[in-house]
Amino acid sequence: MTYAIKECFLTLQGEGVQSGARAVFLRFAGCNLWSGREADRATAQCRFCDTDFVGTDGVNGGKFADAEALADLVERLWGEGPEQRLVVVTGGEPMLQLDAALIDALHRRRFRVAAESNGTLAATPGIDWLCISPKAGTQVVQRSGDELKLVWPQAGIDLAELEGWDFRHLLIQPMDGPEGSVAEAIAVAMDRPRWRLSLQTHKMVGLA
Ligand SMILES: C[S@@+](CC[C@H](N)C(=O)[O-])C[C@H]1O[C@@H](n2cnc3c(N)ncnc32)[C@H](O)[C@@H]1O
Ligand SMILES: Nc1nc2[nH]cc(C(=O)O)c2c(=O)[nH]1
Ligand code: SF4
Ligand SMILES: [Mg+2]
């Protein structure tokens, strides 16, 4: 299978339960909830995205002919040094492309595979840490995983409904943008203690 990769880079996980962890980020191109074009943002199903996932022209981006070539890139970016190998597959929407062949190739190189997904597609089997981030107005089919990370505020999302899904960790993350509100995210954590505040720390410290 050919994989379309926007960018691939070594950084620290900036969000969620594993925030602060050294990780190679593998960003797949393309999403099923927005074209990625600004002209389409206002009418997209997901309208607050902070990411450019269009094309394959980012750092180490490109078309990869097979899983081995892509896993080799991830391993090269991790480097020979420290163990505790972690790759975060994201996008765009990674479940459009992530397959068993790539997960297996990464596992054979001793990587734990974490994924960031909008939950509208069933997660590929074999992921070691699954983070689902629901978008209002969409049908979330993946209602189990390790962490549910909700960008807030989003009108039309019922927190009580999400609390009934099968996730070990509930994170509330301030939306970065004109509709965002740190205060409203803090209020959720104060009113509903199962939800913990997730901040986009990479943006605070100047990491990609
Ligand atoms: C860019 S998305 C890619 C993965 C997947 N498509 C998803 O939405 O979960 C990665 C994470 O960034 C979050 N995110 C996107 N735009 C954001 C924004 N403006 N403010 C805060 N978090 C945002 C998403 O909700 C998701 O948790
Ligand atoms: N450092 C860093 N952490 C992240 N956590 C989730 C991200 C994403 O865009 O999927 C992201 C990202 O883009 N950078
Ligand atoms: S679903 Fe994820 S990648 Fe797609 S537009 Fe929304 S935040 Fe961005
Ligand atoms: Mg990001």
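These residue numbers are counts, starting from 1, taken along the chain as shown.
Placed from the backbone N, Cα and C atoms, the Cβ positions cover glycine too.
Note: TrEMBL annotation is automatic and uncurated.
Among the candidates CYS8, CYS31, the residue that TrEMBL annotates alongside CYS46, CYS49 as binding [4Fe-4S] cluster is CYS31. Take the S-adenosyl-L-methionine site that TrEMBL assigns to PHE48, CYS49, ASP50, SER133, PRO134, LYS135, GLN173, PRO174, MET175, ASP176: the candidate from GLY81, GLY92 listed for it is GLY92.
Here the C-alpha separation of ASP50 (S-adenosyl-L-methionine binding site) and CYS31 ([4Fe-4S] cluster binding site) works out to 13 Å. Proximity of PRO174 (S-adenosyl-L-methionine binding site) to non-local residues of its own chain (separation of 6 or more, Cβ distance below 8 Å) is seen for VAL151, TRP152, GLY180, SER181, VAL182, GLU184, ALA185, LEU197, LEU199, GLN200, given in sequence order. In the three-state DSSP reading, PRO174 (S-adenosyl-L-methionine binding site) counts as strand.
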